[in-house]
Amino acid sequence: MAEYMAQGKKPEVLFWVGCAGSFDDRAKKITKAFVKLLNKANIDFAVLGTEESCTGDPAKRAGNEFLFQMQAMTNIEVLNGYEIKKIVTACPHCFNTIKNEYPGLGGNYEIMHHTQFLKSLMEEGRLKVEGGKFKGKRITFHDPCYLGRANGEYEAPRELLKKLEVELVEMKRCKSRGLCCGAGGAQMFKEPEPGNKDINVERTEEALETAPKIIAAACPFCNTMMTDGVKAKHAEDDVQVLDIAEMIANAEDL
Amino acid sequence: MQYIPNILFIIALVAGIGYFAMNIRKIIRNIKLGQEVDASDNTAQRWSNVVRIALGQSKMVVRPIPGLLHVIVYVGFIIINIEVLEIIIDGIFGTHRVLFSILPAGLYNFLIASFEILAFLVLVGVILFWTRRNIQKLKRFWANEMKGWPKNDGNFILYFEMVLMVLFLTMNAADQSLQSLGAAHYVQAGSFPISQFIAPLFNGLSEGTLIAIERGAWWLHILGILVFLNYLYFSKHLHIILAFPNVYFGKVVPKGKFKNLDSVTNEVKMMMDPNVDPFAAPAEGATEAPAKFGASDAMDLSRIQLLNAYTCTECGRCTDECPANITGKKLSPRKIMMDTRDRLEEIGKNINKNGEFKPDGKQLLDDYITREELWACTTCNACVEACPVSIDPLSIIMDMRQYLVMEQSAAPTELNVAMTNIENNGAPWPYNQMDRLNWKDEN
């Protein structure tokens, strides 16, 4: 982004990568797949790179409002400094925080989740996708809480899967009643409280009941949790966990 | 002498409504112990929620079987109240079926017939509800927090409703028999599609016995309603009234939006402003920082959260959808609401006794809600989505976490590590912020 600024240019959209997308080896693949799609659609985009910092979501949900607002205000200063208007992110947690909690602190942006953004690109005809290798494959979609229930977006990811011409089978608990993967509310960064099962295993079992070839996800944390769940059920040879952006990129062999 | 029944009736009515009003005032006082909150926004959305969610029961029918049964009982309850109106007028003035003399006969007969059908449907609905609780033993009615009083309370309410409906139908059956005997005072009025099947049981009874049955059922029915009305305050059943205001005050912003603490915003703005004089004395009349961050006791919560607690009818749909609860963790969103109400009631009783709240060495945190419960939440909003009357247990969990972290620095160790990482390297993991763009050049 700094380079853009130096050249006096403004990107069409800022890609907010998020901590998982930047550091987690699995999530980095999602980042790269999404970038391939952006490039294919000739989107003029920028990233903050080393100037990006945690949105503060896990801090807020852990109860540390102070740390959250420190993070938020710092990020807002950076974003406003670059006069950012439009942001896209592949993480529903970043999406939710920037969309809902930044405006009250002076950060007003048009923010889209990457599934919404990809859907709009397809509607505008800037990105075309055909079923490719996923055509007719049995796939189930796991709703991220912070995209679905938290922000009411259930259709964008499903529309994309439809474009891939997959056979979409819904789990028993889906959309507004979808079961959490277990990572939200800062649970990602701690061991679960004592219980008789891990939430991600419960959710993965439910996903496996639909006998899918692929569990589609739209959140890097859900992705981790479901991948771990699939491993725990020793199903990793038969079932893949993929982000929708990865699926679209793979369908095209990008 | 002939006015004795009227007088007794008026006494019962005034006492019944008066005691109820007194308890409602207590509830309002207790709710006002909470923090003030501005809910003057989104008026149109709020009213539309009341129409859709409260009046229209839109969230009840997400689960079709209990939803449908509940709609029947709810519609029956509301419509049969027209009959209660007639009973009250009759009771005060010593009339009998007064609406018959006011309304066209056809309409009156139609009304009585529909009350009868509804009463029968309510009876069936309530019996099925009882079966679900006691025979089918649905898991959500047998959870840990449902032992003892909450379990009995649920059943008492169902028994009340069964008895009231049976009394109503008995009253009509006896009335019918008296009408056919041509008894004085009993005008030919009403149409009785259900109680006509009970009336034959009374064949051969004398007029006197029938009058005793009719009057007995009439009195027990109206007294039963007054007792039930007063039972509400002591039970989980307040939702029949509070559901409406509660839905009005429910969350109208996206579920993922958690409130930002203004007091913290001011602090952070000060910290980031290079022109702030670090040694400045607070300005005269400046609003003081709040006494504490987050909530450790009931009065730290907002009035809406406390209204939520009184509204909860312990149906357990929240707990049934809670990922933590499903996987055996201690957290149950329903218990969060029940604990909040229990603690608030305890505070209320303390005030009744002492005139003002005397510290009792207890609080909502630890004495009612444990830290283990609070830390099990994934903030997934399933409980908020599931609640048929727009209760938000998640907001209480968040406020209590805030107290734990910001007042007590009592976050679980791993979360402290994650938070330190965020503070130092801008990510919950121990990676260097300078490595954020490394993915660009990796394969």
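Numbers run from 1 along the shown chain.
Even glycines carry a Cβ here, placed using N, Cα and C.
Quantities reported herein were computed from a predicted structural model and do not represent experimental measurements.
TrEMBL tags one of the stretches B:186-205, B:386-405 as transmembrane segment, and that stretch is B:186-205. Under 8 Å from some Cβ of the transmembrane segment (B:217-234) lie the Cβ atoms of residues 9, 12-13, 15-17, 19-20, 23-24, 26-27, 84, 87-88, 91, 156-157, 160, 163-164, 167-168, 170-171, 174, 240-241, all in the same chain and six or more residues away from its ends. Mean pLDDT of the predicted structure over the domain '4Fe-4S ferredoxin-type' (B:302-334): 97. Here the transmembrane segment (B:68-89) has long-range neighbours at 13, 57, 60-61, 95, 97-99, 111-112, 114-115, 118-119, 121-122, 124-126, 128-129, 161, 168, 218, 221-222, 225, 240, meaning same-chain residues at least 6 beyond its ends whose C-beta is under 8 angstroms from one of its own.
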